[in-house]
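Novice: I'd like to ask you about the structure that follows.
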Amino acid sequence: MDRRRLPLLLLCAALGSAGRLSARPGNEVNLLDSKTIQGELGWISYPSHGWEEISGVDEHYTPIRTYQESNVMDHSQNNWLRTNWIPRNSAQKIYVELKFTLRDCNSIPLVLGTCKETFNLYYMESDDDHLAKFREHQFTKIDTIAADESFTQMDLGDRILKLNTEVREVGPVSKKGFYLAFQDVGACVALVSVRVYFKKCPFTVKNLAMFPDTVPMDSQSLVEVRGSCVNHSKEEEPPKMYCSTEGEWLVPIGKCLCNAGYEERGFACQACRPGFYKASAGNVKCAKCPPHSSTYEDASLNCRCEKNYFRSEKDPPSMACTRPPSAPRNVISNINETSVILDWSWPLDTGGRKDVTFNIICKKCGGSSKICEPCSDNVRFLPRQTGLTNTTVTVVDLLAHTNYTFEIDAVNGVSDLSTLSRQFAAVSITTNQAAPSPITVIRKDRTSRNSVSLSWQEPEHPNGIILDYEVKYYEKQEQETSYTILRAKSTNVTISGLKPDTTYVFQIRARTAARYGTSSRKFEFETSPDSFSISSENSQVVMIAISAAVAIILLTVVVYVLIGRFCGYKKSKHGTDEKRLHFGNGHLKLPGLRTYVDPHTYEDPNQAVHEFAKELDASNISIDKVVGAGEFGEVCSGRLKLPSKKEISVAIKTLKAGYTEKQRRDFLGEASIMGQFDHPNIIRLEGVVTKSKPVMIVTEYMENGSLDSFLRKHDAQFTVIQLVGMLRGIASGMKYLSDMGYVHRDLAARNILINSNLVCKVSDFGLSRVLEDDPEAAYTTRGGKIPIRWTSPEAIAYRKFTSASDAWSYGIVLWEVMSYGERPYWEMSFQDVIKAVDEGYRLPPPMDCPAALYQLMLDCWQKDRNNRPKFEQIVSILDKLIRNPSSLKIITNAAARPSNLLLDQSNIDISAFRTAGDWLNGFRTGQCKGIFTGVEYSSCDTIAKISTDDMKKVGVTVVGPQKKIVSSIKTLETHTKNSPVPV
């Protein structure tokens with residue numbers, strides 16, 4: 001054979017394929033790419049007549065350089081080709097990609113003893129380019145390279161191109177650079193291209209945090225990289241990700257929030273445009289300026305009000321700017337002697353606000369001064385003078401026959417900010433002539449056997465000129481059946497013609513031009529006996545003496561009472577405080593600590609709903625479709641569009657028509673609970689609708705639904721790191737609930753919702769009502785029904801629910817996640833589950849479950865609740881596993897498992913199986929029965945020896961049935977070992 005013709009054929013076979021090379025991924029950094037080098041490669045060939053450098057063009061007529069070797073006729077070939085020195089930059093792990101063609105030795109005549117179909121790849125590390133001469137012993141072998149496809153002479157004739165691509169790893173390397181070498185031992189091979197590269201995690205932006213180009217350190221662990229927030233943002237939680245050895249970013253934690261005045265656009269925080277604003281940090285869009293406000297700058301925190309429009313300190317930035325109201329209208333006065341009722345109409349313009357109130361200014365006009373002056377403090381306004389919310393007021397205790405002016409101001413929340421003149425309506429009135437007020441005190445100045453001298457003061461409110469006084473008197477024993485009236489012009493009178501030693505009753509009233517006033521209260525005075533007469537002077541002395549004696553007695557009593565109360569107060573003060581603390585509102589709030597408040601402690605459940613849940617307008621909610629049915633009504637998906645906010649997807653629970661008050665209270669009870677929580681791993685309550693029908697609870701929408709069904713649908717499709725990330729989110733949410741003092745009681749994968757970003761959130765806080773209709777709560781105790789498969793032993797036996805019982809339930813959720821949604825305890829009855837757990841049996845580890853995670857399950861299932869981990873500890877454990885993923889590669893060893901594990905399908909009678917079909921049906925894998933028909937695995941004895949590779953060969957390629965069959969085989973092996981041996 002012509003040795004110089006064969007290289008040309010090899011080159012032709014290779015160049016046609018070189019142009020169809022795919023673009024390299026973005027996480028690969030080339031250290032060498034022979035296709036990109038212009039001119040000769042200049043690699044060293046040893047011996048010099050071995051490898052030969054050939055020039056050519058690809059299908060795009062781009063020049064490329066290749067090396068080939070085709071000395072297949074001679075024995076003991078040892079032809080070496082060494083590259084130039086390649087700097088490694090920052091890489092520790094190097095990848096070598098070879099593209100080559102190789103001739104099938106069978107297609108070359110007379111070379112069966114000398115022709116080879118492989119070649120060898122070597123490397124040597126060096127800190128500099130000093131290797132002038134080739135020394136074979138200095139190189140370390142990487143691998144022997146063989147072709148997946150080799151070509152023949154017929155392929156060349158048909159122009160069938162067979163280009164091989166092989167990639168090998170080198171490293172870790174530590175020196176500054178290295179050489180590659182290729183050893184030919186007798187193959188007909190053409191080296192079309194050599195690409196040397198390393199992998200990096202490329203620069204990326206995640207959750208508004210920038211992560212730089214990162215090169216993996218080694219092949220065993222992830223590199224934790226701290227992100228930096230993009231411009232105009234700040235950390236909410238320190239952002240970090242992990243760089244894998246494959247150059248992939250994993251497990252994003254934390255995020256950044258755009259500053260006030262900036263919104264998230266793409267992967268950056270961009271300034272709000274003119275006409276838009278954002279008042280606080282957060283990843284929400286800038287809002288359009290509300291009515292009567294504007295902004296002309298970028299990055300506005302709020303919008304400035306137009307001229308004569310204002311925003312009060314209590315108004316949120318999203319509220320429209322408003323102005324003071326116009327004046328009240330149509331004032332009407334209704335005068336009744338010394339009182340007046342004022343009525344008016346609402347202003348035509350309320351200024352755009354609902355907090356309009358009215359103030360009354362009263363002015364007294366006329367008299368000696370021609371200027372009006374403020375009314376005296378004696379004038380009263382009913383119900384009050386300022387802050388009126390209704391359009392009527394009654395003014396009493398005015399002076400009779402007096403001119404008054406009343407100014408009615410209309411004000412609202414921004415009136416104090418305006419410099420414009422007051423907006424008021426005025427009305428002037430004159431009060432009528434009125435009766436005088438009653439005389440309050442009548443004094444006895446002198447008595448005799450047949451007369452009494454009386455005096456009094458003018459009425460406090462004469463309401464005009466007093467014309468005279470009417471004095472009415474009669475004997476007390478006559479009971480007003482016969483009385484006498486006399487009139488006096490002054491404020492004193494002497495009444496004569498009375499009987500000695502007789503008690504008389506006196507009443508006096510004043511008269512003005514209007515009429516008589518009301519009579520005074522009744523005063524009783526007694527005339528003197530026949531032989532006794534007291535002057536007014538002596539009478540005063542006697543009265544002073546009596547008054548002094550009475551005062552001393554009263555003072556003694558008061559001092560005694562005060563001393564007793566002071567002592568009693570000191571004794572009871574502590575106890576009173578304790579009662580106040582204990583019986584306040586059914587709960588105690590400590591300063592600086594947010595605690596859960598049980599809505600059932602409220603006498604009025606509606607108060608709890610209004611306190612913790614936001615009332616939504618039903619017009620802002622649109623329902624798209626019904627996605628399910630709940631206990632009280634339908635569950636829908638829809639959209640919520642609040643004013644000045646972006647439309648969001650929501651889940652909507654509705655209360656069906658014809659509900660009872662108890663059903664409504666139970667329905668809204670869950671909202672009262674949810675509304676108290678604010679955590680990224682707790683389902684967020686958007687609000688409730690209670691003022692219209694149907695009554696609704698609106699929450700954030702979780703695209704992937706419940707975690708258990710999601711995992712069953714995506715069986716074996718996630719990495720362990722992704723599953724641990726989900727579990728970490730659940731644990732973080734439960735830590736938050738535990739810190740608030742809330743016990744969930746129904747923690748299960750079916751009550752965990754998962755969104756499109758694989759973020760898990762704890763939901764379903766209506767245990768007290770839901771469990772009554774939950775099919776998983778078929779075991780009844782004294783207090784109702786509880787989900788047996790997820791509930792701790794002490795909660796089942798004593799209904800003792802604590803955060804420790806939630807930790808037990810978390811262990812079951814952990815088992816559900818790692819088994820991709822399998823049902824805990826499978827088909828065991830509730831009584832069998834209770835008995836097995838009480839006897840110390842625990843669930844076995846799921847298939848391929850990391851030992852660290854199964855140990856965490858067992859810790860959560862400690863019988864003594866005090867030995868179970870707290871959720872804070874669980875979060876810490878999962879964080880450590882995420883930071884050190886190599887620890888998750890240790891799978892639970894079947895031989896090292898505890899002996900007290902429950903077997904899957906433990907209630908199946910294995911002895912009843914006679915054929916493989918019976919066995920597969922018994923373990924719920926009957927769909928595989930047809931595959932095993934007619935093959936060597938047709939009996940139980942042979943099928944018990946099947947491996948995962950064997951299953952793939954016969955067609956069982958789906959992971960779910962594979963897992964069930966493997967679990968069934970373990971059960972069959974256990975049964976076989978424990979079965980008696982026939983004799």
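Cβ from N, Cα, C; glycine included.
Quick paste of what Swiss-Prot says about this protein:
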type     : residues : note
SIGNAL   : 1-19     : signal peptide
TOPO_DOM : 20-540   : topological domain 'Extracellular'
MOD_RES  : Y596     : phosphotyrosine
MOD_RES  : Y602     : phosphotyrosine
DOMAIN   : 621-882  : domain 'Protein kinase'
MOD_RES  : Y701     : phosphotyrosine
MOD_RES  : Y779     : phosphotyrosine
Novice: For the domain 'Protein kinase' (621-882), what's the mean pLDDT in this predicted model?
Specialist: 89
Novice: Y596 (phosphotyrosine) to Y602 (phosphotyrosine): how many Å between their Cα atoms?
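Specialist: For Y596 (phosphotyrosine) versus Y602 (phosphotyrosine), the Cα atoms are 13 Å apart.
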Novice: In whole Å, how far is Y602 (phosphotyrosine) from Y701 (phosphotyrosine) when you measure between their Cα atoms?
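Specialist: One finds 30 Å between the Cα atoms of these residues.
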Novice: What's the number of neighbouring CB atoms sitting within 10 A of the CB on Y596 (phosphotyrosine)?
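Specialist: Its Cβ has 15 other Cβ atoms within 10 Å.
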Novice: Helix, strand or coil for Y596 (phosphotyrosine)? Use DSSP.
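Specialist: In the DSSP reduction, Y596 (phosphotyrosine) maps to coil.
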